[in-house]
Amino acid sequence: MSLLLLQLLVLSCLGDTEPQPDSQQRKRRPLQHLFYLDRNLLESQSFHELVGENPVGVKETQEEPSFFIAFPQTAGESQKQGEKKMSRFILPNAELYAHQDLRTWAAPKEISPVENFSPSYYSNKRDVEPPYRKDAKKFWDHFMLRKNSASEEVVLPIKTNEMHQETCRTLPFSQSVAHESCEKVIVQNNLCFGKCSSFHVPGPDDRLYTFCSKCLPTKFSMKHLDLNCTSSVPVVKKVMIVEECNCETQKIEDPLLGSRQSDFLGNLPEHN
């Protein structure tokens, strides 16, 4: 409030004074400084009512916003150009108010809503893939396993990764076909190699049901080889040429294994 009264006093004194010679203007030069005014104070209604919209002798500059107000010089053009160099000078006693008002002028940076619709914003969203999509196939296989097991009224605690560890592939090799008193023949063939799953289910009446998935040839052809022999009897060999292999599930019912299990259970001691 004291700063406001001081500024009003200076404005009223400068508005009433008449132009004086150069010697008197030099005496008033210390009063012709730049005063730091708060923007909220300049725009307040009470300040305009006390001072007026446009005080006498004050020029409004709308070229660029500034925190400083310069009072006009009544001297010549040479002195005005010299004072323009000091138009950005801040009084030492006004620096205290400048530091106190920095917090009011420093506003947080607001993000425009247009930036949220930029392509880079959505590209980053698309790059971050939800983690559950990576295991979508595993969850689906687990669901199908429980669904198929429920139809048989049996829920098997089998992990899905154990079911997908089956490997069965063809490995090329050179197969030699030989016979007594005949020339050996080399044939390019494939063998089945891999690891397939299997499980064993005990059944009623000591019967055991074994479900084995074996790595077997699924695509093959039979080839007849005529061997060159010294005997008068022709020798023909029949060879399976394997092209593809896969895990094939087979159900085996072995009563011999059932009898072995009953013998094993009969030898166990009874526990009360």
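Glycine is treated like the rest: Cβ placed from N, Cα and C.
Take the candidates Cys13, Cys245, Cys247; Swiss-Prot pairs Cys192 in a disulfide bond with Cys245. Out of Cys196, Cys212, Cys229, the record in Swiss-Prot bonds Cys247 through a disulfide to Cys196. When the candidates Cys168, Cys182, Cys212 are compared with Swiss-Prot, only one is recorded as disulfide-bonded to Cys229, and it is Cys182. Between Cys168 and the candidates Cys212, Cys215, Swiss-Prot records the disulphide bond with Cys215. Of the residues Asn116, Asn228, Swiss-Prot records the annotation N-linked glycosylation site for Asn228. Of all the recorded positions in the record (Cys215, Asn228, Cys229, Cys247), the one with the smallest CA separation from Cys192 (disulfide bond) is Cys215. If you count neighbouring Cβ atoms within 10 Å for each of the disulfide-bonded residues Cys168, Cys229, the highest count belongs to Cys168. With Cys215 (disulfide bond) as the anchor, the candidate disulfide-bonded residues are Cys182, Cys196, Cys247, and the one with the nearest CA is Cys247. According to DSSP, Cys168 (disulfide bond) is assigned to a strand segment.
Within 10 Å of Asn228 (N-linked glycosylation site), as judged by C-alpha distances, the disulfide-bonded residues found are Cys182; the full candidate list was Cys168, Cys182, Cys245, Cys247.
Across the domain 'CTCK' (168-253), the prediction's mean pLDDT works out to 85.
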